[in-house]
Amino acid sequence: MNSSLVGNQSGRPFCLLAISYLETINFCLLEVVIIVFLMVLIISGNIIVIFVFHCAPLLNHHTTSYFIQTMAYADLLVGVSCLVPSLSLLHYPIVLSESLVCQIFGYVVSVLKSVSMASLACISIDRYIAITKPLTYNTLVTPWRLRICILTIWLYSCLVFLPSFHWGKPGYHGDVFQWCANSWNTDPYFTLFIVVMLYAPAAFIVCFTYFNIFRICQQHTKEINERRVRFSSQDGEAGEAQPCPDKRYAMVLFRITSVFYILWLPYIIYFLLESSNVYSNRIASFLTTWLAISNSFCNCVIYSLSNSVFQKGLKRLSGAICASCARQRVAKDSSTSRSKRSSNGCHV
């Protein structure tokens, strides 16, 4: 927030959602509930995604699985980092100064969400190459090049937001810290820098690639159906319309990308308005920031609901867990029965 926002003068907890709190509660109850709830969802959801990818080899046949897993690890770290503002709102003693903790938290979350945004852009490029150049795809997209690309994403994200420690508040921040809200101002030039270096290129790449992907898929579907109709008319059989085989998988990734930008759009708009000194509000800052961070949980939900192979891997994982629990229960019951028999023998 900008410095025009006054600090906490009454000695009560610094709470962004200015709702009447009970006098007996010495921490920001509503903020803690929201952040802890999101933290639990993000951590549990992405741990499940990571385990499913390790338990379902078919998922790793797609090169996009590299980027999906990168996003899952980044989102998992976002959930872990949410522990910092939770402890701050609970007035848990922190060794470092509030200003440094605030800057580090803002930087870490910015880097992690930049990794997600860049990964989505790379996924769209990967699908675009797979559809436009299917014969040379395996030679162009190799595991070694994918690893180099992922490493570049992490390094680039770290470098883009590194000036935030001296230049101004980064794109995503945690105004749960009072120093963040009152002293760490946004800088219009730094905002423009982030937009030019991250927001605009990622959005342009995603729009360009998916527009062409769906255009090509429609063209392929039309050609396939025309051929089926031609051959079926010669054979006297009715042909059924067949969709483009790549379109279904592209739709899954398109949904993930769309939800990402839908959840981040309110905060990007607010961030631009705040940086230009047009509008600033504590409640809007908190709600838009944590709405955007909630995307770290939505990614795994969309992928699990949309991808049939992922669903099979999830069933396989849950089945393995249930089987392990059943074996442990049987072993426990057998050991209990043996102990009872031995105890009965002692009393005879």
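Backbone N, Cα and C define each Cβ position, glycine as well.
Under the heading domain 'G-protein coupled receptors family 1 profile', TrEMBL lists 45-303. The feature transmembrane segment is assigned by TrEMBL to 32-59, 71-92, 104-125, 146-168, 188-213, 252-273, 285-306.
The list of residues near the transmembrane segment (252-273) in space but at least 6 beyond its ends in sequence, with Cβ under 8 angstroms from a Cβ of it, reads 64, 113, 116-117, 120, 123-124, 127, 171-172, 186, 191, 195, 199, 203, 206, 210, 214, 279-280, 284-285, 288-289, 291-292, 294-295, 298-299, 302-303, 306-307. Residues 114, 117-118, 120-121, 124-125, 127-128, 131-132, 160-161, 163-164, 167-171, 246-247, 250, 254, 257, 261, 268, 271-272, 275-276 of the same chain lie 6 or more positions beyond the ends of the transmembrane segment (188-213) yet place their CB under 8 Å from a CB of it. A mean pLDDT of 78 is what the model gives for the domain 'G-protein coupled receptors family 1 profile' (45-303).
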